[in-house]
């Protein structure tokens with residue numbers, strides 16, 4: 001296992017038998033997947049965040065819901081259980097169909113569920129989670145349940161919850177506290193309902209953005225005496241963990257899923273390469289060919305955005321602070337600029353840096369009429385949206401998650417998702433990609449929960465290379481892919497085990 005320095009602990013990881021790579025078995029498993037086809041929801045997503053943003057699609061059924069707060073409703077599922085708070089428990093049947101569709105595109109989680117449920121590697125685990133409650137997350141939660149865990153869940157984003165999926169989970173017996181359109185007070189109330197439960201003490205945390213971890217540190221610090229570890233997915237949440245570690249305040253081991261190879265290279269790069277176009281097209285109906293676009297940041301997310309827009313015929317500029325990423329952008333054929341050099345001429349501004357105030361009010365004032373402004377980073381701090389909420393500017397909602405901000409002289413910009421994450425705010429993310437990330441989260445939980453005392457200290461760790469390779473291997477049968485196997489002579493020549501890991505910890509994919 002690697003720690004924050006990437007040098008220690010990797011040899012301590014032991015792979016249980018059910019994790020052994022057996023490609024023939026995998027292929028048989030995936031060939032048995034259900035063939036029935038369900039219709040996906042044609043709805044747009046509605047997404048915002050109280051603190052950070054990384055959200056998902058919303059259902060068309062929400063438009064007819066009443067305005068009564070779920071906190072004021074008395075609801076029970078068919079078994080008479082009321083330990084949940086969702087918009088409308090009657091939407092459970094529709095949510096179940098959404099989950100069944102997602103299962104067909106999440107082969108690794110389903111394979112993990114089948115292989116490990118006999119051993120129950122999470123038996124006794126009490127996981128409190130704060131992520132986006134979508135059909136894909138539901139597959140993860142039900143997989144954790146099949147592996148023996150008890151789960152309580154809240155949403156990490158006030159607009160990211162699929163209400164019908166939350167209802168389906170509540171109907172299945174999961175204590176879920178979330179609905180689309182929560183207030184700031186609702187957001188923290190839901191997290192508290194997950195954590196502050198009589199007779200139930202969490203021993204694992206699965207977080208996305210760090211809000212759940214922050215709440216427990218702030219309100220219930222004694223809980224960490226029984227918590228075995230934290231698994232964190234997002235850039236922002238990982239940053240918070242490293243800050244705690246540096247200050248000596250991190251009192252349990254934490255797993256940094258965001259920087260795992262399977263998260264960085266697939267969720268961040270390939271996912272954004274597809275979803276950036278989807279989000280822009282659904283919200284603006286624009287033509288990409290010939291448009292001038294500036295992408296702020298050339299990390300994995302920026303690389304995916306730039307590649308997609310370039311392929312569609314856009315003229316793409318890149319801003320960067322890191323000379324290595326900047327050189328990559330230049331070698332990939334993009335012109336490296338400062339934002340103020342091109343701000344007057346570009347048609348689209350996309351942020352994906354993880355920083356704050358990348359696009360300021362000064363930039364917004366200088367933009368051309370009808371310039372589209374959006375964010376592909378996790379946090380909603382990259383665009384200074386607060387500076388636009390002034391009396392002299394007029395806000396006009398033209399579509400769900402599409403606002404025209406109009407200046408006194410008539411100039412307007414098109415602001416998408418109020419500066420929050422575009423792809424999951426205004427469209428969807430490929431379920432297959434989320435299967436990769438969710439499988440990584442599940443394995444990280446299993447590893448931390450079952451690790452013997454002393455293997456992990458109060459620090460932030462990366463996933464072992466072997467685990468990343470295992471996650472990737474589970475997805476290969478979907479493509480009918482056939483790995484080449486090393487001969488004994490070749491393995492000896494390279495100094496490798498025939499079954500991996502195949503790259504050193506310092507290898508950059």
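Glycine is no exception: its Cβ is also placed from the backbone N, Cα and C atoms.
Features reported for this protein in TrEMBL:
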{"type": "BINDING", "residues": "134, 208, 233, 263, 267", "note": "substrate binding site"}
{"type": "BINDING", "residues": "299, 300, 301, 302, 303, 304, 320, 423", "note": "NAD(+) binding site"}
{"type": "COMPBIAS", "residues": "43-62", "note": "compositional bias 'Low complexity'"}
{"type": "DOMAIN", "residues": "268-429", "note": "domain 'S-adenosyl-L-homocysteine hydrolase NAD binding'"}
{"type": "REGION", "residues": "1-82", "note": "region 'Disordered'"}
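Distance from the CA of residue 423 (NAD(+) binding site) to the CA of residue 134 (substrate binding site) is 14 Å. A 10 Å cutoff on Cβ-Cβ distances gives residue 299 (NAD(+) binding site) a total of 20 other Cβ atoms nearby, all chains included. Straight-line distance linking the Cα atoms of residue 267 (substrate binding site) and residue 301 (NAD(+) binding site), rounded to a whole number, equals 9 Å. Cα to Cα, residue 301 (NAD(+) binding site) and residue 233 (substrate binding site) are separated by 15 Å. Within 10 Å of the C-beta atom of residue 267 (substrate binding site) sit 25 other C-beta atoms, taking all shown protein chains into account.
For the domain 'S-adenosyl-L-homocysteine hydrolase NAD binding' (268-429), the model's average pLDDT works out to 94. Residue pair residue 304 (NAD(+) binding site) / residue 208 (substrate binding site) shows a Cα separation of 22 Å.
Among the binding-site residues 300, 302, 303, 423, the residue whose Cα lies closest in space to that of residue 263 (substrate binding site) is 300. When the binding-site residues 233, 300 are scored by other C-beta atoms within 10 Å, 233 scores highest. Counting neighbouring Cβ atoms within 10 Å of each of the binding-site residues (302, 304), the lowest count belongs to 304.
Straight-line distance linking the Cα atoms of residue 423 (NAD(+) binding site) and residue 208 (substrate binding site), rounded to a whole number, equals 16 Å. Between the alpha carbons (Cα) of residue 302 (NAD(+) binding site) and residue 233 (substrate binding site) lies a span of roughly 18 Å. On the backbone, the CA of residue 299 (NAD(+) binding site) and the CA of residue 233 (substrate binding site) stand 17 Å apart. Listed binding-site residues: 208, 320; maximum Cβ neighbour count within 10 Å falls on 208.
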